[in-house]
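S.K.: Sharing a structure, written as structure tokens. Questions coming.
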Amino acid sequence: MITANKGLSLVLLIPNLFALVSGGLQYVFDVRRRIFRPHFSQFWTIWMKFFSIALVIITQIYVGYKTKNIGWNFFSVVTYCFVLFLQFAEQSTLRVPMASLLIFWLLKVVTSLLILLFSPYIAITSMARLLTLITLFCSLVCFISEVYVPPCNRVWYSDDTNEVEEKGIRPSEVRYANIFSKLSFSWISSFIKFGYTNYLKESDVWLLPPDERSGNLIIGFEDWWIYHSKNKRRSLFLWKLLFFNHWKLVALITITKLIQDVLAFVQPTLIQKTILFISSYTSPNPESPSRGFIIAILVLVANFLQTLLLQQYNQLIMLLGMRWKTELLASIYRKSLLLSSSARQNRSIGDIINYMAVDTQKISDLPIYLFIIVSGPFQIALALSNLYHLMGYSAFTGVAASVILFPCNIIVANVYKKFQSILMKNKDSRSKLMTEIINNIRSIKLYAWETPFLQKLLHIRNTKELSMLKKIGFITAIGDFAWIFTTIIVTTVAFGAFIIFHGKTQALTADIVFPAVSLFNLLQFPLAMLPTVISSLLEASVSVSRIYEFLIAQELDYNGVQRFPATEIPHEICLEIKSGTFSWSKKTLKQQVTPTLRQINFVAKNGELTCIFGKVGAGKSSLLEACMGNMYKNSGSVFQCGSLAYAAQQPWIFDATIRENILFGSEFDPELYEKTIHACCLKRDFEIFTEGDQTEVGQKGASLSGGQKSRISLARAIYSQADIYLLDDVLSSVDQHVSRDLIKNLFGPEGFLRTHCVVLTTNSLNVLKEADSIYILSNGKIVEKGNYEHLFVSTNSELKQQLSEFNDEKDTQPLPEHTTSYPSTQISLAPSIHVEGLETYSSSERKDSSNKYKSRKRNPIRQKVTEDDKGKCVAQTDELVQRGKVKWHVYWMYFKSCSIGLILLYFFFIISGIMMNVATNVWLKHWSEENGKSSSELNPSPYFYLGIYLFFGFLSCAFISSSSLTMTVLCGIRSGRYLHDSMLKTILRAPMGFFETTSSGRILNRFSNDVYKVDEVVSLTFMFFFRNSIQVLFILGVICYSAPLSLLLIVPLFFLYLYNRAYYVRTSRELKRLDNVTRSPLYAHVQESLSGLSTIRAYGMQETFVEENDLRIDTNHRVWFMFFSSSRWQAIRVECIGDLIIFCTAFYGILSAIKGSPNPGLVGFSLSYAIQITQGLSFIVQQSVDAENNTVSVERILEYINVKSEAPEIIPENRPPCEWPTDGAVSFNHYSAKYREDLSFALNNINIEISPREKIGIVGRTGAGKSTLAMALFRIIEPTEGKIEIDNEDITKFGLYDLRSRLSIIPQESQIFEGNIRENLDPNHRLTDKKIWEVLEIASLKNCISQLEDGLYSRVAEGGANFSSGQRQLICLARVLLTSTRILLLDEATASVHAETDAIVQQTIRKRFKDRTILTVAHRINTVMDSDRILVLDHGKVVEFDATKKLLENKDSMFYSLAKESGLI
């Protein structure tokens, strides 16, 4: 050995042993598995390291030769040779320096410095000194090279390279960071610097590491779920899955936390050592000054190591929470695509969004508290162990006192769990109703129903949800007080026991009191956190149970339909149902269900058009759903041969461009695409739009008319190249002439789909003549089948009876010869099936078809936006993202909503509580100094001192608990109520343009996540921020009082602290805003997907939509990952400032003692507070940032509160007479209007006069402005120029409620609301049941509703899903019949109903509204042929307005051409 000192010899062994063991393990399990790619681009650094190692080896050999110490030097040479090999392997295979090499070189530097520092005190030769100097120099060179120069030039990992090329987003630096960079979070420094100087955009945020991406995480989650599916037992199974699927991370978190706890409990020991050292200077034999300085250094090192481990622990628990949330979000979405119809009826879209927005958040927050369950008992054990060594058995007596409070806390916990469960149900109810309101806002405005829906939602919100939240707040406050006061009781009892057992032999002096106080403060954390842990665990348990019940809900039976590949046989059966009986709910032992379809025998063949005909509610749409497997098959069998395309009755249009809606993930084929849009009569529509088929349609196709939506949905089906086409009444919402064009282009002798299997439900008698077979449905049964000629000549034919009822209609005329024709080239739609869980296949080419169009791979439904696409016409605006600091106005509005008086009351309570807390420690200092002074008694008047201590402690707990109750319950709930109610009222009063340009996901995000933050998070964050800020100010005051010279260090550290906060807060604030912005598209995508679930399933697009959902999850979570990583970056730097303050306090106390001014009581008092400042400073920064970030939710709510409203509901000084309008005269005077300022005129210079009781038909081609004219009458859009008068009164001078409630409308889209039938007809509850039944009989609904179990109070599912489209339209008719207005507007009211139902509506209107003014917007020209006058619109202008007869006599009129195209002439 080179030294005789055995201690240093052992120190020198440590680096070598570490290199051999750690380096060997890292090489075996990591390096050698990687691909060998020699890469020496950093030429000079690698050769510099090789040269340094070679120099050390040569020197080591030389020294060994000279000193004859062969064994030690041989061992060292072997170690360096192995290190040289590792350096070469690192350079050849790794992108990141090896952790073992970095630590080895650091240890070498430290050990070499130790040898040189202690060389005066140990025997060391000149040769050994030379070796040490060379080793130090070479180790320092290698260490610096390893840290600052990567092994090779930056080369991305392959998975990062793909992401960079596809998205242009930078990979996360954490993958390329060395171990020291990871420990200090320096890898994120460049990003924080960028955020400090730039406003962050989504594209600036780095990618997630691959292990954190949803696509990778969900694989393990699903594998675990499937593997253990047989052992699933309630929600415990999901708990096990969440933990065991990440057991390595859980184990690492636990180990890290336990080591950090040990270091935390080293502090009281060092405080005791410091006090004992200072106390020695009050005796004749003081200790050596070097011992005191070593203690001070140990204080610094222990705190620094604790800081590193604590921040690693915080990073890991956030990572675990994010993984849990990712897996749950992904699994919930995947499950929602698989839910059965009955399961969907019990879980609305609002419920599912609530699972994703609220429940997953509660579960992801749980790891913050969860590991205290392990750490807490360990901390308590350490505290009691140290207290035992400090105070003996008396330390345990205090613990017994805490046991008394356990039953109380158990009761509190049970009550809390019960209340939390009720609260979540109330949140679900509110979310569900809010979703209904947003989805049906147009109807609410047209019917002037804002007030009843407002009252209904406020009842749920204020009477139920906030009331329960207030109860939870009181219960939490009681639990908090009980557990905080436990520490005071434990301390009091322990000190009392010490006096009793040891009072006569030992004084309770500072070296016992303040270490004990520090230990009791450390003991306070697990005890004080226990209520929070219990409440968080209970909240998460409720959420886990809810999610688990959702994940095990019934799924569609994909085996209900037997699917086979398409064949080459020309007329083979493509779709067949044999003796099928179907229902929407599954029959169980407890639940008997009535089948919707009974004994269905149905066949659809290749190359044939099969039509399904029947009255409203007969089961036409249900039959198509049964063919797709979306209903429960109670008996029989269903066979499907080939791929499927589906066009729904209510067209599903997602938020993208028109082209993307048509392609729906298919490759773009210009020729096929061109023929598709011609066949679907879309060419002219594209010419209308500024951007053609690149126009963004908005959510639910907000910028499209009903006919355009239907034809785009139809074009999607045509373009998909399927074998089987299921078309659900696609002709109902298009103009009559367009309908005839579609019939010829698609179903005629040379139609586009003539060589394919087409199943069409229809109310159009015209298309039946083209059908190869017709099925007549009635009450869920097939009552007749045959072709048109067969059914028509049959004496008792159901079809013939209906035709005879309408034999006076011209709708049954043959197709006119002049209908637009298209090339007769046959287009092959090569079949391919895309059904989840089945093998993808492609049929052979049909004999009579070209093989030009093959089945195509599905692509993302939304294409990447290029620079050329920017600036295109969009239907929805980007979400507004505020920049810079949250404005002071936002804070002021929040505190104002809390009540300034209550805020001041909070400050009174918290300042008083902290003052009382300081008073308890000042009293302990005074008591400890008095003890031992008296020669006659070691501890004079102990019970007096204990009584005062207990009194101060009780006051402190009472004040602090009162402050918590004031801020969270009184302020938080008051603010939440005000902000939510104000936002709700504003949104209900917002113009329709707001909803057309704002996705429902954004709005629902405000009402779910942002309202949750305001209710439960913002007040809590401000409470902790104010509490910690005041507490730190008191601590700094104590330190400055006890160590005045520490101001010399504290003042510059304070400015460094402020700079660090300012440097960090800009990035953090922008990340938090981006987090809010990127969350909205996730919920919007969920809502959009669930709205079009049947379409997505039919096309087999589940996987594409799942990938889109995963992408949106990752987009949000890469922002969140950078947010909490940047939080760790600032915390580790701020806490280092706190560590220096603690070191300064201890060093000053030691220095003062050495210089002759020992004061152990004051030093102990100041140190007991100083050790709190590290966490305190970090908490202040984090909580100030959290306060600002969470206040962003307030800012977002205020943004919606300030949305421009419609005109007032009521203008008191301009209220119309009760009987207004008495006549029903309507006049448009030079009326012009736009939907938005940036758009062209939708109506231009309209001048018409409509007499009282006149019947006006409004016609025109698609996009002519027919529905816009109707919206203008209801002031859904406001005039840009001119005015509308009703009975000579300008309608703009009246409030909107007064106007809209005096008009009646049957809208184009029949929207009904979840609840019951009565609420849908009379939400104001003004009418009797008798009156409603009378109206239902007139509307032909009485028989249908009376058969329901609960009659008028029967449940209506979300969106009226349990009623057919025709029934929903008749409910809208019933609403009109319940009003007594003079003006009725029919906006294509019978577009989607059966001809017989159409007749019912028309006859009812003619009979019941003959003395009223009626304006009819029509697609079917025959429905307005008996109108008094016809208004023809084109491009928003009046083209013709005259009597029907006169217009028909004029063969040059547009109306004449429309009537002729419809076959009515």
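Here, residue 1 is simply the first one shown, and the rest follow in order.
Each residue, glycine too, has its Cβ placed from N, Cα and C.
Bear in mind that the values here come from a model prediction, so they are computed numbers and not experimental data.
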S.K.: Is it true that Swiss-Prot lists Lys66 and Asn931 in the same topological domain, i.e. on one side of the membrane?
M.R.: yes
S.K.: Does the chain bring the transmembrane segment (9-29) near the transmembrane segment (70-90), so that three or more CB pairs sit under 8 Å (pairs 6 or more apart in sequence)?
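M.R.: With 3 or more qualifying Cβ pairs, these stretches touch.
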S.K.: Taking all residues of the topological domain 'Cytoplasmic' (533-899) together, what is their mean pLDDT?
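M.R.: Its mean pLDDT is 74.
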S.K.: Please list, for the topological domain 'Cytoplasmic' (313-362), how many residues fall into helix, strand and coil according to DSSP.
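M.R.: Split into helix, strand and coil, the topological domain 'Cytoplasmic' (313-362) gives 44 helix, 1 strand, 5 coil.
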S.K.: Take the C-beta pairs under 8 A between the transmembrane segment (98-118) and each of 43-63, 70-90, 236-256, 363-383, 940-960. Which stretch has the highest count?
M.R.: 70-90
S.K.: Under a Cβ pair cut-off of under 8 Å, which of the recorded stretches 43-63, 236-256, 512-532, 940-960 contacts the transmembrane segment (363-383) most often?
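M.R.: So the stretch in question is 512-532.
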